[in-house]
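Here's the structure we're looking at; comments come further down.
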């Protein structure tokens, strides 16, 4: 069995498990579960972890230049190792929807935008959950709404400072969100810049194209004149 | 009647209503109106809402591929649904003024800049109004000047934290302003980048053009020599 | 007399006056002058203002399409109207030093960088002065060092919030600094982007050039073969 | 001996000394050393300083257009003058690893990314150390973790304001980190923009290439027809 076949069969079930994990994790953190409910949500988290771990091992075994796959898929290893990153799996499915677009330039940008929005929203929500989990015992962030507010204030690099993490875990998550924010500004700038540059270059190229085509036309006329000259002479000789 | 005809007749009256709405809304929020004055401003807001709603329904009915128009004009639906967004209508008129510009590259950038400045100023003013409306009862933002100051501090992602929203509505508006700020940085970067890239590329292209033209010239010379050779032979034979 | 002649004669004296103004203004604000010293610094400020005002009027009178000059030089009007902007005049001289650079792409970027660094440093220093002037009576900013620290924290959009303006004038200056900060990020991004894009495009163009040159070579070979064929036939006929 | 030979022999030992300096400096600042341990770490710092100073002088003596080298290597002078900058030396070695990459466009971007990540991490760590050194006596930053947290909050221009420097040295370091943050956003935006622009341009060029190749093909066909015409006539005459 090739890796592609494995992918085709496992992509959607794993995306489903990622959603399930997200729901269970949200339920556990926001609801501050105890007793039976906590055990249910933890079971779901363990099942999803096992599925992701198995998928990683099988993918690694099936990968053809195995070390290359390992190096280029460190993010998949991180998804297995860090539960918080597991919902990132959903981005792979999100990418599938953008395949439908037509023109290459637009399609690339469309994919970048879709990824950025998807990754941004996931980062905001998941980091809010993880921050709430880390801070609600000893920090200032007590509800999911405060956590989401903190998350947006941080990812946009606004940084009011009305809510700041105080625990080590909370600060580590905040560092990821801040660099995510720098990346967000970068993606927005880059996508807009590429769009404007392309539009401007297209207009310029239209002009350049005409010039070259004209010059080639002159060349063609020259050659046609040459052929006519030959034909005229041919007729002269025959006549 | 086509949608274009409808547009031509309604664009300016609706822009006027948007201005009227902005004035009435500002008056109501800043003046903290009560009694008769409040009823007047609310009547204006209702009239403008009705006009926008009717325009949306008529535009949707007249649109040719109706679903496509619906998907590509979700912003118009939002303008009807969220009163705060209504002044955005003015951007459509602002765009009309930029049509006058000549060269395409410059014109596109000019339109992007005009939109960005227009949208930025509207966002700052309207979000300040909405924030004041949401916060003045229970928050720290009590006057329109404080609200405008907060709005600028937030949209530039400076985020001093001297004024921060405390109500849910206030925070929701702040989230929009923050992402507006990220977009603002993106637009400024992108417009400048496109301008510099274009200027640099133009200089480079001038050189590239010369090279290609020279090569084509060589080719043309070769062919001319060929034709002369033919003519010379023709003369020899005749002679 | 043309505007260019006037420029040539007045550029350096006015730049000197701008420096003098900056020194006098710094001295007045930082030293919190009173009595004779204050009158001296105010005299220097009035003299420099008169010189700038005269220069503006003469430039406007000498400008050929006068309205066009007026519209494209609103910044000069602002320099006369707002004393704080007067040192901006120095940027014009700074630009003169960058003319020495050779290649166009590099020269444009060099000029943009020189302008950005010059404008950035001037903005930081002048806004710190103006902020100190506005805030030292009733605000938290009491020394020039605090003002400079606040200025850098604001222009980089970091916004710690340890020093924030409380007066209306102070806030107005802060708004300019914040938007200056957004422009600064934009210029840095744009300059770097243009540099990377150009380097990458140059490498690509080298390849593209080779391909086209090869194709033209093939074409030339084809034509050369044609000429040889003609010559061979010519020899056959003669033989 | 040429400068290149000197470089080849001294690059790795100096990189090693830079690491050693970083370790000794970290040990001294974080451990708040006293007595013998402090003397050991200070000896290491002095030895590394001497080595860097000697390397600078020798490089300057060996440099061919000496003044040009001086102007283009002011950063090396700063590395000798400011101990805090010494670890920057490591970036030169980091650059060596990126030489392995293949395609030019990708290689340039790879080098920029490697430099940016290396410089960013070094800036975060070294500025945290220096800030801790400056602030731990009289400021709010007491541990290396607080310093690292402050450093990340500042370099991403988030600026919560939960930890801010209060000493003059601490503020000076903070100014460098803030401008480093603006540069970081610029590099991220620029690299992404260049990547998207290149990908889009490549796709466009593929199309443009086809058009031009087609036109050249038509030209070639025209010439081939001409040659066949000549050959046909040649056969006719012989027959």
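In case you wondered, yes, glycine gets a Cβ from its N, Cα and C as well.
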- Query: With TrEMBL as the source, which of B:172-197, B:198-223 is set down as transmembrane segment?
  - Reply: B:172-197
- Task: Would you mind listing the long-range same-chain contacts of the transmembrane segment (B:172-197), meaning Cβ under 8 Å and 6+ residues beyond its ends?
- Result: 84, 109, 112-113, 116, 119-120, 123, 127, 130-131, 134, 151, 154-157, 164-165
- Query: In terms of Cβ proximity under 8 Å, which residues at least six beyond the ends of the transmembrane segment (B:12-31) contact it?
  - Reply: 37-38, 40-42, 44-45, 47-48, 51-52, 55, 83, 86-90, 92-93, 126, 129-130, 132-133, 144
- Message: Let's see if you can do this one: DSSP helix, strand and coil counts over the domain 'Potassium channel' (B:127-197), in that order.
- Response: 51 helix, 0 strand, 20 coil
